[in-house]
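The block underneath contains the structure these notes are about, expressed in structure tokens.
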Amino acid sequence: MVNSPSSEHNGVVEINKHVPEERESNRLLSDDDDQVKNKILAIEIDRADVVVPHFSWRKLWEFTGPGFLMSVAFLDPGNLEGDLQAGAIAGYTLLWLLMWSTFMGLLIQLLSLRLGVATGRHLAEICREEYPNWATILLWLMAEVALIGADIQEVIGSAVAIKILSRGVIPLWGGVLITASDCFIFLFLENYGVRKLEAFFAVLISTMALSFAWMFADTRPSSKELIIGLLLPRLSSKTIQKAVGVVGCVITPHNVFLYSALVQTRKIDPKKKEKVQEALNYYSIESYVAVFVSFSINLMVTAVFAKGFYGTARANSIGLANAGQYLQERYGGGLFPILYIWGIGLLAAGQSSTMTGTYAGQFIMGGFLNLRMKKWIRSVITRSCAIVPTIIVAIYFNRSEDSLDVLNEWLNVLQGMQIPFAIIPLLTLVSNEKIMGVFKIGKLMERTVWTVAAMVIMINGYVMLIFFLSEVNSLLFGVVACAGASAYVAFLVYLIAQRHNHAELNGFILLAT
């Protein structure tokens with residue numbers, strides 16, 4: 001869990017030094033139900049109406065922090081590349097999809113925070129307790145693969161920014177090594193308390209916002225086209241692939257695990273319904289604000305590249321590696337060259353996302369494997385798992401910009417494949433009264449989030465299908481791909497089936513009472 005030496009004694013919220021491992025239940029079960037009772041993670045509290053304290057700006061400030069760390073998931077270099085390519089290829093026509101896909105991502109993150117606050121445990125820990133060992137190991141492997149894939153994109157994004165800002169003096173692999181040091185910055189800040197860490201992320205997000213806002217003001221995209229793009233849904237055969245990419249990149253699997261842990265950095269009285277509900281209210285407000293900021297940044301990036309490159313010969317060739325140079329050639333130097341503004345914003349995006357990746361890796365490995373080790377050892381292990389392959393990839397793919405684009409396509413598919421293994425367990429758990437107690441989501445919300453999840457999974461499935469059909473060029477590769485797809489689908493079916501098993505168990509518990 002997140003440790004912090006500080007606390008707030010004069011309010012409800014405190015920085016948690018040791019998050020409680022279990023919470024009590026006052027549900028009356030028969031003696032024969034002891035096994036079920038021992039697995040209850042959430043507080044079963046009196047259902048009588050309790051008045052939640054009035055809104056307080058001070059309380060909101062005390063809860064502010066985790067949501068902005070979470071919002072970095074919408075701002076990593078992979079997302080920024082998707083933004084700039086969508087703008088260059090589709091112009092302003094996919095802004096409405098960016099808005100609604102961001103809302104879908106927010107919905108998933110709200111469920112993640114709900115799980116963490118209501119149970120006092122994060123998603124990886126609960127998965128370890130609710131699923132059999134073999135399924136837990138598979139879920140952990142999927143989460144680690146997603147984390148490594150995301151980290152490669154994030155670290156290379158930082159390395160590209162460092163190369164830009166150093167005017168090419170530092171090569172890509174050198175930027176990767178520099179970025180790897182963020183692990184130690186993270187450890188240094190965490191030792192001084194989680195609020196210091198949150199403040200550092202606030203600086204990075206502010207840097208991104210200012211950099212891309214400067215670009216937006218400098219290039220002056222059409223406000224009319226921007227508003228039409230947000231309000232009028234448009235889709236054509238030429239933009240369908242980018243539309244799928246926009247929706248597919250809104251959910252980062254490892255951040256679903258991360259947010260359920262971040263919300264536990266504030267101590268909430270577990271036996272009082274009004275305190276838990278108060279925390280959910282304030283965290284939700286912060287999440288809305290944080291995601292609005294991240295959406296605004298993505299919107300500005302898309303609009304800048306729509307204004308500069310939509311309908312041009314370079315639209316189909318633009319990517320993260322050459323975007324800065326294309327911007328410089330299109331808009332010139334100015335008071336402060338746009339190339340370096342882009343580089344600063346990209347560096348802030350890469351550094352913030354790689355640090356959240358380090359953070360998420362701790363909870364994923366510790367939660368699924370129940371590891372108990374010093375934080376610095378765990379950070380070094382999780383950082384090494386991503387940095388070593390990233391260095392190899394950076395050296396191998398440093399030959400051309402086209403090779404980096406090919407790598408990015410593979411990584412997007414790799415992460416898209418892992419999304420169901422974060423979403424399905426999350427939705428299964430937040431729909432389970434045994435786990436969530438009175439904070440279980442309602443039937444309408446349950447249907448809504450399962451519909452959203454089905455849409456995201458089908459969209460990513462479409463991307464994977466098209467990608468593999470274009471890449472399969474031998475019988476052996478085809479056989480291996482079919483075998484892997486069969487195992488993949490079988491595990492998905494198993495996870496979905498667990499939802500129905502949990503629903504039957506909920507009915508058993510209600511009958512027992």
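Placed from the backbone N, Cα and C atoms, the Cβ positions cover glycine too.
If you check TrEMBL, you get these features:
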TRANSMEM  89-111  transmembrane segment
TRANSMEM  131-150  transmembrane segment
TRANSMEM  170-188  transmembrane segment
TRANSMEM  200-217  transmembrane segment
TRANSMEM  288-310  transmembrane segment
TRANSMEM  331-350  transmembrane segment
TRANSMEM  380-398  transmembrane segment
TRANSMEM  410-429  transmembrane segment
TRANSMEM  449-469  transmembrane segment
TRANSMEM  475-497  transmembrane segment
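Listed stretches 200-217, 288-310, 475-497 were compared with the transmembrane segment (410-429); the greatest number of C-beta pairs under 8 angstroms is found for 475-497. If you look at the transmembrane segment (131-150), the same-chain residues 6 or more away from its ends with a CB under 8 A from one of its CBs are 76, 78, 124, 252-254, 257, 353, 357, 360-361, 364-365, 368-369, 382, 385-386, 389, 411, 414-415, 418-419, 421-422, 425, 491, 494-495, 498.
Between the transmembrane segment (449-469) and the transmembrane segment (200-217) there are fewer than 3 Cβ pairs closer than 8 Å, counting only residues 6 or more apart in sequence, so the two stretches are not in contact.
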